[in-house]
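*Asks:* Okay, handing you the structure first.
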């Protein structure tokens, strides 16, 4: 993005500390995201669908630290004139990287939504690498289409005598900035909020069902007047009210000693016999199924929390800049007021590229193990018992 209000020449005592801090930020962004990329390359266990999207986010943030900030430091602090060619390259690259980072967050949130809300179908799908790469490439194409053509077309709008500031030609067109703010911020935030709400709603429903008593079995119905019977499968999640001490008989079904309980409930209204047959297999498997469901709920809650943190960081880092750009677009070029708050809002966008790798990938136990593997550390952290939950 471009800091369109310009910067006065600062004294050397201020330039050196600022240059050091800006360079430190660029270095931290580069190293943090490079670790994520290298961990993904070094550990094959990380190469599943969701981590590919985190890789896409790390790539865009990595080049923010390699290209966007290093080129901007001499321009803003030492009044280095880019020239039209470098200025155009920097504008397109910076807008592309920042927007691709935003759209990668949307793609990550959609993948999280699918893995929690449609867990069975999500795990049953075997998404090929080509489809995953196509989704990653689509993020970059959409990110370029948001600002790239407009930057190229608006270059002729700029005042040819004003070559000191490297900014797109539409910075004074409020309606264009409103559209780009909608595509870069409001729409992505709305989508991530929607996916987050759906995830929490799905987890709440699953948590409510898991607290209900569950009895699986078969219902066999027979008519008193005929010898025919019908057997149907049923999974009943609630107890039947009003049933008192039904007659029961225990019999063996197989040489292995599997037993089943046959409960005959005679109804006096329709003259039918309803039998609930609960097999020992269901009784033996229910603790395992309950434990698996509990693990899935814990995993879903962790994913929901990580997505909420990712959304909060994105909103905090991007909302001030979008608001400032729309407000400042109402001023004519060269008459826009200079504010330290605008500069802070401007740098917050790039700061988001620093915190993104620490919000999920570098806190993920598998990424940490891959990081130790990169450093060739023989003593790796002991795997946690909840590794299956965090993965």
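Keep in mind that glycine also has a Cβ here, set from the backbone N, Cα and C atoms.
As annotated in Swiss-Prot:
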TOPO_DOM  1-19  topological domain 'Extracellular'
CARBOHYD  5  N-linked glycosylation site
TRANSMEM  20-40  transmembrane segment
TOPO_DOM  41-52  topological domain 'Cytoplasmic'
TRANSMEM  53-73  transmembrane segment
TOPO_DOM  74-87  topological domain 'Extracellular'
DISULFID  87-166  disulfide bond
TRANSMEM  88-108  transmembrane segment
TOPO_DOM  109-131  topological domain 'Cytoplasmic'
TRANSMEM  132-152  transmembrane segment
TOPO_DOM  153-174  topological domain 'Extracellular'
CARBOHYD  159  N-linked glycosylation site
TRANSMEM  175-195  transmembrane segment
TOPO_DOM  196-306  topological domain 'Cytoplasmic'
TRANSMEM  307-327  transmembrane segment
TOPO_DOM  328-343  topological domain 'Extracellular'
TRANSMEM  344-364  transmembrane segment
TOPO_DOM  365-391  topological domain 'Cytoplasmic'
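Each of these features: where is it, how hidden is it, and who are its neighbours?
*Replies:* Mean model confidence for the topological domain 'Extracellular' (1-19) is a pLDDT of 69.
Same-chain neighbours of the topological domain 'Cytoplasmic' (41-52): 108, 111-112, 115, 127, 132-133, 136, 361, 366-367, 369-370, 373-374, counting only residues six or more beyond its ends whose CB sits under 8 Å from a CB of the stretch.
Around residue 87 (disulfide bond), the C-beta neighbours below 8 angstroms that are at least 6 residues distant in the chain are 166. In the three-state DSSP assignment, the secondary structure recorded for residue 87 (disulfide bond) is helix.
Sequence-distant contacts of the transmembrane segment (88-108) (same chain, at least 6 residues past either end, Cβ-Cβ under 8 Å): 1-2, 50, 53-54, 56-57, 60-61, 63-64, 67-68, 71-72, 82, 135-136, 139-140, 142-144, 146-148, 151-152, 155, 166-168, 184-185, 188, 191-192, 307, 310-311, 314, 318, 349, 352-353, 356.
With helix defined as DSSP H, G or I and strand as E or B, the topological domain 'Cytoplasmic' (109-131) counts 18 helix, 0 strand, 5 coil.
Among residues of the same chain six or more beyond the transmembrane segment (175-195), those with a C-beta under 8 A of the stretch's C-beta atoms are 98-99, 102-103, 105-106, 109-110, 112-113, 146-147, 150, 154, 307, 310-311, 314-315, 318-319, 322, 325-326, 329.
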*Asks:* If we skip the immediate neighbours and take only residues 6+ beyond the ends of the transmembrane segment (307-327), which ones have a Cβ under 8 Å from one of its Cβ atoms?
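*Replies:* Sequence-distant neighbours of the transmembrane segment (307-327): 1, 4, 102, 105, 108-109, 112, 171, 174, 177-178, 181, 184-186, 188-189, 192-193, 195-196, 199, 339, 341-342, 344-346, 348-349, 351-352, 355-356, 359-360.
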*Asks:* Could you give me three numbers for the topological domain 'Cytoplasmic' (41-52), the DSSP helix, strand and coil residue counts?
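*Replies:* The counts are 9 helix, 0 strand, 3 coil.
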*Asks:* How many other Cβ atoms sit within 10 Å of the Cβ of residue 166 (disulfide bond)?
*Replies:* 25
